[in-house]
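One structure, as structure tokens, below. Some questions next.
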């Protein structure tokens, strides 16, 4: 046991050594500081996003005292104290009579009802969420939400903030969110036209934001300027020439008795008179009328859970492991990152201990015990760990403060506050210090075990790898592999061993980490075994391999660091690449690649005009195929469905089962078929069927005609059956690709004889090359001017989303591979100066030093990359198998980013070796040997 006084001496010696070897000390401090910086930044961002009750309620009610929202007027609702946390309509029995509150809610003007329930003198301000619509941009049309608010009224502050420009003050002025402006390519002062109000041009005067939803695209008009005209245009189908002047900026629509908001159930911000307050009893009273009430006073002083029926009656279930899974994963990743740092810093401490072995031996010769020698090396970890931890915490705090606006924008919401929790920062600094101590622990143990005579002679002793550590590593590999297989959902009698997907995920991750730790423990013996093969190699590689095996204290941690980094990158790369491959396999296109599809319910000349307008906007579309759907007129105003009788292949069908109506051009454009026999059969009035399972042995297919609902029968009318089955002549066109888009195709001229009709739904074109997105946006803008509900789509095939992540992780792994191998090689070069001098003295060629450095670096990178690649496949395959073991899941598709793997496993070691050889000096100054 080292006494406190001895620790003071050890720390002074360690501080002096750190100042003497400034380069090595700076390297260790930087390696400790970087992860501490990252964890500090993540913690501050996380704490800033944890809103206090006051901050949460402010984002709901703004500067008001409460928000009332109509959830289901005329019913009874239950809610959490903050209604945004949850609310539902209570179920009622068929024979249950409505309560007096429900009757009153169904027969009273909503605003008047709410005013009567609140304290006298309360002022209501409509909080009107409008519809999603289109707005013009320089390139065409963008989708946006709409709302109305008097931004000059402080009641909105905190809920909807003006951050740039000014609030709309005159007619036809709006504010917009930054997301809308960026998407539309507009700025303050720009103009836009709202779909449905094409005769009115709105000028953007300011930028607003929802603090909790920065990515929301929205236009904000003055009260009365936008939503009522939009509703009127939607009811009449017309296009008003201009909007009304609206309410003046100084008035508050809905004040006093409050007007109806114009939306289905209404929502109001409530400002209470002085001295008035709302309590939980008032919230429950409002709930009995079908409205929710979020009151600032209730959220800040919530009732006990037993007094909240919502918590008792809400039918929600959460897996007990789900709440902690994210924390476990984050803790695992953080722990592995810190282990990575310890492995990278370990060789630096080991070299420092060997460079100081004479000094440490003198300490032992002067009467110091082994514990004192180890304390000096461990003291270096304390000194450099404290420096790195303090530097990391300071830099992390400063970076978050400087980058706060960009961090908030990337996260999609503003911080509630800039939090610097002392306990968190102290714990993070402590973790940084612990990392440095772990890195220095093994070198300290080796220094303490070194004999005094060997140290005084400046010689190093070589110890065989510990059999106990190797055996423990093998056991960890086996145990971790078994746990990962168990977590992967290994099937027993067709049932998953682990029922919870979340638990399976944690089992796979835990098993993989345990197996990786076991592999790390086995690394020294692997390096030693590799050193035994040195006798088979030429001089340069033989010397490099033996030197690496002899100095395992610096080689093994570097190999382990490469192993850990490559394993993480390969695991996520394989998982994301396999997920992307599964998504590509399961992707169901809406048409052949490059096809341009118009969906519209217009009829006759209006649809022809729309089709013609699109052909003007998009040149080179080629022949047009008019698309229609086969329908069954069951009765006036009835819904009807026509489909083929038989088993539906839901995995391949891109739309609901239906029959398409069209000519041979549609056969080409939509079904990608050019078959003269099929075209002939179509012209003859026969049904083309694309799935063998839907046609009988007699060459007939059965049409199922389903109908329901509609107007009552008139006197003398005979009701049609709800379901009819009509056999028709059919021709099989056995083409699975064509079967994606419809069950079959008939010519429109053949339908009347079967009592069917063709309802036009749009058109399909097959251009030689798909139009670009800007041209598509311009065409969409032209289309919605003629049909507000029309839709234009271009089939661009599956769009992969995983390449950027895989490349980023591969880049990170590449940096670690080069960094770890380079650090270990540089330390080896510094550590082996006497050996190099001896080689030069006995006549070794100058290039042997370059050869040794390059081969040592390549060996570390290659061994770590190979072991890491194998290790990385385990969690990836386990997670994929686990995900695929659920009910109804498709088999897992295992693939890998082979290009990135080849780069990491083969190219990077060669590159690392070449770089090490390039930056190593050939000649070395002769040194005096100690006798």
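Heads up, the Cβ atoms here are built off N, Cα and C, so glycines get one too.
Keep in mind that TrEMBL annotations are predicted by a computer and have not been checked by a curator.
According to TrEMBL, the record shows the following:
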| type | residues | note |
| --- | --- | --- |
| REGION | 87-107 | region 'Disordered' |
| REGION | 231-260 | region 'Disordered' |
| COMPBIAS | 238-257 | compositional bias 'Gly residues' |
| TRANSMEM | 328-352 | transmembrane segment |
| DOMAIN | 342-451 | domain 'ABC3 transporter permease C-terminal' |
| TRANSMEM | 373-403 | transmembrane segment |
| TRANSMEM | 423-448 | transmembrane segment |
| TRANSMEM | 469-488 | transmembrane segment |
| TRANSMEM | 508-534 | transmembrane segment |
| TRANSMEM | 555-575 | transmembrane segment |
| TRANSMEM | 804-830 | transmembrane segment |
| TRANSMEM | 857-878 | transmembrane segment |
| TRANSMEM | 898-919 | transmembrane segment |
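Thinking about packing and proximity, how do these listed features fit into the structure?
Each residue of the region 'Disordered' (87-107) gets a DSSP state, and the totals for helix, strand and coil are 8 helix, 3 strand, 10 coil.
Sequence-distant contacts of the transmembrane segment (423-448) (same chain, six or more residues past either end, CB-CB distance under 8 Å): 28, 32-33, 35-36, 39-40, 43, 47, 338-339, 341-346, 348-350, 352-353, 357, 360, 370-371, 373-378, 380-382, 384-386, 388-390, 392-393, 397, 463, 553, 557.
With a threshold of 8 Å between CB atoms, the same-chain residues lying at least 6 positions outside the transmembrane segment (508-534) that come near it are 328-329, 332, 335-336, 339, 343, 464-466, 469-470, 472-488, 541-543, 545-546, 548-550, 552, 555-556, 559-560, 563-564, 567, 571, 859, 863, 867, 871, 874-875, 878-879, 882.
Below 8 angstroms of C-beta separation, residues 566, 569-570, 573, 806-807, 810, 813-814, 817-818, 821-822, 825, 850-851, 853-862, 865-866, 869 of the same chain, each at least six residues beyond the ends of the transmembrane segment (898-919), sit close to that stretch.
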If you count Cβ pairs under 8 Å, which stretch among 373-403, 469-488, 857-878 touches the transmembrane segment (555-575) the most?
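It is 857-878 that shares the most Cβ pairs under 8 Å with the transmembrane segment (555-575).
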Limited to the domain 'ABC3 transporter permease C-terminal' (342-451), I'd like the whole-number average of pLDDT.
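Averaged over the domain 'ABC3 transporter permease C-terminal' (342-451), per-residue pLDDT gives 81.
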Under DSSP, the domain 'ABC3 transporter permease C-terminal' (342-451) has how many residues in helix, strand and coil?
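Secondary-structure breakdown of the domain 'ABC3 transporter permease C-terminal' (342-451): 93 helix, 0 strand, 17 coil.
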